[in-house]
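Asker: Annotations per TrEMBL:
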ACT_SITE  Thr181  active site
BINDING   Glu137, Thr181, Asp357, His358  Mn(2+) binding site
BINDING   His298  substrate binding site
COMPBIAS  545-559  compositional bias 'Polar residues'
COMPBIAS  560-570  compositional bias 'Acidic residues'
COMPBIAS  571-585  compositional bias 'Basic and acidic residues'
COMPBIAS  586-611  compositional bias 'Low complexity'
DOMAIN    129-425  domain 'Sulfatase N-terminal'
REGION    545-611  region 'Disordered'
TRANSMEM  6-25  transmembrane segment
TRANSMEM  37-55  transmembrane segment
Amino acid sequence: MIKPQDIAIIGDLIVVLILLLLKKIKLDERPIVRKQAVAMTSFSLFFLMLNITLGEIDRPQLLTRTFDRNYLVKYLGIDTFTVYDGLKTAKNNQARSNADSSDLSKVISYTQKNYAHPNPSMFGIAKNKNIIVIHLESFQQFLINYKLNGKSVTPFLNSLYNGKETYSFSNFFNQVGQGKTSDAETMLETGTFGLPQGSLFSALGTDNTFEAAPAILNQQSGYSSAVFHGNSGSFWNRDNVYKNFGYQNFFDASYYDTDSENLTEYGVKDKLLFRDSVKYLEHLQQPFYAKFITVSNHFPFVIDSQNKTFKAADTGDSSVDNYFVTAHYLDQAVKEFFDYLKKSGLYENSVIVIYGDHYGISNSRNLKLAPLLGKSSSTWSDYDNAQLQRVPFMIHIPGMTDGKVLDTYGGEIDVLPTLLHLVGVDTKKYLMFGSDLFSTDHSQTVAFRNENFITPHYTVIGNAIYENGTGNVVTHPTDEVKEKIDRAQKKVSEKLALSDSLNNQNLLRFYVPEGFTPVNPANYNYKNCYGRLLDLEKTLGNNSKSLWHQNGDKSTLNDYETDAPEVDNSDFEKDNLESANKKASSESSTSTVSSSSSSASSDTSVATSTK
């Protein structure tokens, strides 16, 4: 919607139009000399390209990834952005207008044929438990159990990974494309892949229909939902996408203290994110589905000196060297949050999912990293790059005693069906391209977004086939190996193509699983999440299932302990409650909120007003 202050942007045009209508301005109707026209056009194009170049320097892949429309407007200008956005919209509309039932039939046929039945011993073992997802930014698997100069980089995550209450996966790969973090979220929430170019969140997320985790969990098992992320809500278009996913609450940067000392380039520091989210988390109705998106371990891995508690590596590449420093900081932040969960009482009734979204060290920097991993830079190959696409995936269920490190091959596309089966929700009727990692039917062919793939025996990159373990190129594959590789390649290509068809043509608008109500994004408003939670608690009274109510209508803020130097722990509870209440009070005056006792279990529970 246009806001009053937006008039200032086009105010000069309005004034000029008025003056023209009143004939206060006379037009010079003499034709422009051709040389002048060419010069002016060239001059304009030069500055446009210069602006785009500067934008690419500040935000690489600005146009291809389109992670934030605010940045596009900043660097392109409102006029150029309008044309750019119009062309993309026209392209998307064309793809959707060409959709027909046969396209959907192919997707349904594929997903049903490749459905993996749940493992009976695992199905429903976390039923009705809170689900807490911790998104580890740019966190690669090699950090787990890794020691630099004799010191563990991530001691707490190591303890979880190796513990008996955790099911960990040692051969779990990121499968992102240009959308990176947003691609990881797409797979986690919808069971479909990101796009071959750009970000699905940015390109299609505002208008597409989804059958995503928050809506499925809400409608099937009565889960409330929230995302906690200390960056702008417009980044990756999250403030629109999450509404289409069915997220009831989104606590973005506007809900946190964003003084400069509390921020990294990409949002609120991790220790502060976890700590300052408590005042909102404790008011969610249980069971809840809550996702925390961390940012401190983000390229170029810069952290202020007062938060450096780990010695950097010494490779000569500052990004590689500091990667271990920021990863250690993230590890400490997760530990503090776990300590709070245990002390507050949430821990025992929760399943905590921890995963890395994508690589941190890019292929171009892996040669510097190689010696730290016991490899030679001179023999480093594409095979080694592919192996470093592993990221951690852990499912921590308090009370379990048979947790283990599993060598099953899988990727981010497999998270949603795995998680839903653990909480007792069968996924057969939903259109997902991954499969339950605990199922005996699970396919261990891991597709990358560029159509390369990995199996337990081979890594295929372009036309090259590498043997896992040795890393040697299979120069003369047998007919049997060729047949296996060809069959796997066809399946990978088919899976990616069908996922693209589903999303590009918005085919889910034609498909409604039995018992599922399509999400209406107009029912969601993130302007006053905190105030709405408080109103719901008041409405529910003794029927409230929030941690706050279970704690005798008292805050659990004092259960949170942090060594973050930005925090004055003596005033922690007072300051946090005051800031949260101030936020709720200021926003309640600008939002019309409707709450009911069914808010925790109904898609219609959220505020009906819109921005």
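Glycine residues also receive a Cβ, built from the backbone N, Cα and C atoms like all the rest.
Automated prediction, rather than curation, is the source of TrEMBL annotations.
Tell me about the surroundings of these features in the structure.
Answerer: With a 10 A radius on its CB, Thr181 (active site) counts 23 other CB atoms from all the protein chains. Annotation note: Thr181 (active site) sits in a helical segment as assigned by DSSP.
Non-local neighbourhood of His298 (substrate binding site): Glu137, Ser138, Thr264, Glu265, Tyr266, Thr326, each in the same chain, at least six residues away, with C-beta under 8 Å from its C-beta.
Using DSSP to sort the residues of the compositional bias 'Polar residues' (545-559) gives these counts of helix, strand and coil: 7 helix, 1 strand, 7 coil.
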Asker: Fill in the CA-CA distance, His358 (Mn(2+) binding site) to Thr181 (active site), as an integer in Å.
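Answerer: Per the Cα atoms, His358 (Mn(2+) binding site) and Thr181 (active site) stand 7 Å apart.
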Asker: Just to confirm: which same-chain residues, 6+ apart in sequence, have a Cβ under 8 Å from the Cβ of Asp357 (Mn(2+) binding site)?
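Answerer: Same-chain residues close to Asp357 (Mn(2+) binding site) (Cβ under 8 Å, separated by 6 or more) are His135, Leu136, Glu137, Ser138, Phe139, Asn174, Val176, Lys180, Thr181, Ala184, Glu185, Val391, Glu412.
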Asker: Please list, in sequence order, every residue of the chain apart from Glu137, Thr181, Asp357, His358 whose Cβ lies within 8 Å of the Cβ centroid of the Mn(2+) site.
Answerer: His135, Leu136, Ser138, Phe139, Asn174, Val176, Lys180, Ala184, Gly356
Asker: Can you tell me the mean pLDDT for the domain 'Sulfatase N-terminal' (129-425)?
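Answerer: Computed over the domain 'Sulfatase N-terminal' (129-425), the mean pLDDT is 98 on the 0 to 100 scale.
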Asker: With a 10 Å radius around each C-beta, find which of these binding-site residues (Glu137, His358) has the fewest other C-beta atoms nearby.
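Answerer: Relative to the other binding-site residues in Glu137, His358, His358 has the fewest Cβ atoms within 10 Å.
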